[in-house]
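Some notes on the structure that comes next.
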């Protein structure tokens, strides 16, 4: 490729504080192992007036997952080495237990444990300890799809990996990371700090320019799925290590970033803690990270030996910034989608009865729709009267049915339009035997509210909103991890006499949790 258009790239970077508003951040571009751009702005702590620098450490959150998998490959070998240990760990399973490779590739079908903490009554700013993580993970008996058939993001996969690695080696993950990864990569200040409450070198902020920025409170203990704190310079060193070892057939990053498939042979979007993407015909590998008050993203294009890194101490869209930086470095112009006028027949709520997942669509203007299906809303371009797509999802409408496809997830669902009014007779207490947790629904002044209760406590009351007959939505916008699970979908079941017998509770991260009415 031709040389990077440095003025264009610099112009984008210097506009980041205006386009991604928040207290501070740090970004870098690396090509051929050399630093093209290294920039920090704003403040690491607004109250202390402590400036952000390339040496400022921040939590890299889920970017840690690739490093957990790197330790696995470097210290133990192929994932199959730990399959028997995983069978002992998930000893409550009757059948359909995932393999360790499924964990590495987010194909396990296990429900995300941070999402399940909500159902177990956790407070967003509560304390979450290692024994509580194992308590939750080791009680699991089912998956929400057959392992190896689909992709679903699951932090618990990597928490379990960390436990298995420590058990197998007899050493802490912190020591293994320091010795086998950080030292060879010259990541001089990178460190595993599992307890988020202990990190105080930089402050992460909730909020925005409308509500203001407030210091985020985090008191969770995580391991394997996240927990590494690193500076921009540490992350630059990682990219340089990747470039130095690119010709090594057994190089760590080459092994981490190798293509993966589903059980049916279809290409998978994820492997060994890395997300696979494409831009302008170029393959990218990388990962994002999030915790309340923090966002980060790294991308690497092996074909052109280019990497981009974005780290924010606020909840800005680091993934968007990192991809746009990559496109600028690659000389890829912004896409100009052709949009059609929205047909009102799109708008409303649509249910897939098999998974209990609900798709909600509303007009966003300018030939776009706002869709709610996964962890957060996504904007969809309407490309024809009955077709719409985003970077993740394709929709094809046929009357009162929408065919939803998420190719990367190997997921194809028939979504049926919800018509009619919801009955109000859902109040009561419901029990999940697998989670040993309750859902309490009450009616106050004609409005329905719900709360979760379990071994982690009793949650606040959340309002429910009707989506259609016997289908309700319960939004949860703050949880222990970030982003939050979003809308929980509640699909109620009735007997032949019309009495409520139970409810299926789920979201994209944790589908199909069955509750019976008490």
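Cβ from N, Cα, C; glycine included.
Positions annotated as active site, nucleophile by Swiss-Prot: 62. Feature annotation from Swiss-Prot assigns active site, proton donor/acceptor to 65. Swiss-Prot lists 481 with the feature substrate binding site, giving sequence analysis as the kind of evidence. According to Swiss-Prot, the feature region 'Disordered' maps to 373-392. Marked as region 'Important for specificity' by Swiss-Prot: 477-487.
Structure coloured by features recorded in Swiss-Prot.
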residue: 62; record: active site, nucleophile; Cβ contacts under 8 Å, 6 or more apart: 155, 225, 226, 287, 288, 289, 290
residue: 65; record: active site, proton donor/acceptor; Cβ contacts under 8 Å, 6 or more apart: 158, 224, 225, 226, 273, 274, 287
residue: 481; record: substrate binding site; Cβ contacts under 8 Å, 6 or more apart: 114, 117, 155, 220, 290, 291
Can you count helix, strand and coil residues in the region 'Disordered' (373-392) using DSSP?
0 helix, 10 strand, 10 coil
Three-state composition of the region 'Important for specificity' (477-487), taking helix and strand from DSSP:
0 helix, 2 strand, 9 coil
In the predicted model, what is the mean pLDDT computed over the region 'Important for specificity' (477-487)?
86
